[in-house]
Amino acid sequence: MKDAKPFPVLKNDNLLRAARGEVVDRVPVWVMRQAGRYLPEFQELRKHHDFFTVCRTPELACEVTMQPLRRFDLDASIIFSDILVIPQALGLTVEMHAGVGPVLPQPIVVPEDLKRLTPDGALSRLSYVGDAITMMRHKLEGRVPLIGFTGAPWTLMGYMIEGGGSKTMSKAKAWLNEHPEDSKLFLNLLTDAIVDYLEMQVKAGAQMLQVFESSAEHLSKEQFLQWCVPYLKRIRDELVDRLTKKAIPVVPMTLFAKGAGHSLKEQSELGYDVIGLDWTVDPLEARNLVGPNITLQGNLDPQDMYRDPDELRNLTTEMVHKFGKSRYIANLGHGITPQTPITSMEVLVEAVHKAL
């Protein structure tokens, strides 16, 4: 895991300062999926390597993580990986199909199928992520902080039951109604694996963590509070407890629950330093709901990246003015999409930095 060589000193810590509510030189900006298909060099690398081969090969994962930093003046890097590495480590096959996305050919269909999962040894099967994080910290040479991440329990459960992405999550939602006790068992099993995984990432050198509850959008507020919030709280509490007991510095944590703008106040009470917002949430309303002691991240509509540069510049500037310079990390309200023009990233990053 973490090698003996000390990590380079961090030169640009605006991301971490913003997360902690400290004064920043400039509003930090990074973009979800900033290492990805909109970059021609990523497409080129993918011609030669399968998606999960890139994830599992630290040198390749680092190369892809570095690609956006060579082009843009970003304030953070995020290790190249995928939320579905946890289902893989738990024994499920995950394949990436062109034009379709992730496919899990043997999904969890009935509660009996939970016996197929292999939590013992799951963490050791994820060691390649830790290796990539440690390698990346050295390759960054202190330029910007490195973010680690995970999928959240409900989101992972959804993929594992649906057998891939879903527009409705109907099978997974049916589980919550028809098998409530087994659903709790499933979510707790995933929570245990996630806490182990995040602890490993911090030990390997991750300087910040993001928890992606991307499928929160399929749940009502009542369901979100029942089936997401207790597990999201447990992730934060148990990780902090473990790191503290081992005298490892606690890194800032971001919760991004897409589509859960209805529960921002509740999210702000879970102990996370940063709350990520999707583009449907008004920045001023969000600030009123979470109060002054939480950092907000977001939330430009990824579709706005297809506008002409002047429009994009104006929208970005307006967004930053709404959030303000304190306790704010600029980002999109979801991942950047594959056909996004490169120039839009240049405009976004420059506009954020010049806005205030």
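Note: Cβ is positioned from N, Cα and C throughout, glycine not excepted.
From the candidate list His334, His353, the residue Swiss-Prot records in the coproporphyrinogen I site shared with Arg33, Ala35, Arg37, Arg46, Asp82, Tyr159, Ser214 is His334. Residues within less than 8 Å, Cβ to Cβ, of Ser214 (coproporphyrinogen I binding site) and separated from it by at least 6 positions along the same chain comprise Ile83, Gly151, Ala152, Thr155, Phe256, Lys258. Here the binding-site residues are Arg33, Arg37, and the one with the most other Cβ atoms within 10 Å of its Cβ is Arg33.
The Cβ neighbour count for Tyr159 (coproporphyrinogen I binding site), using a 10 Å radius and every protein chain shown, is 28. Around the Cβ of Arg46 (coproporphyrinogen I binding site), 18 further Cβ atoms fall within 10 Å across all displayed protein chains.
Sparsest Cβ environment among the binding-site residues Ala35, Asp82, His334 (other Cβ atoms counted within 10 Å): Asp82.
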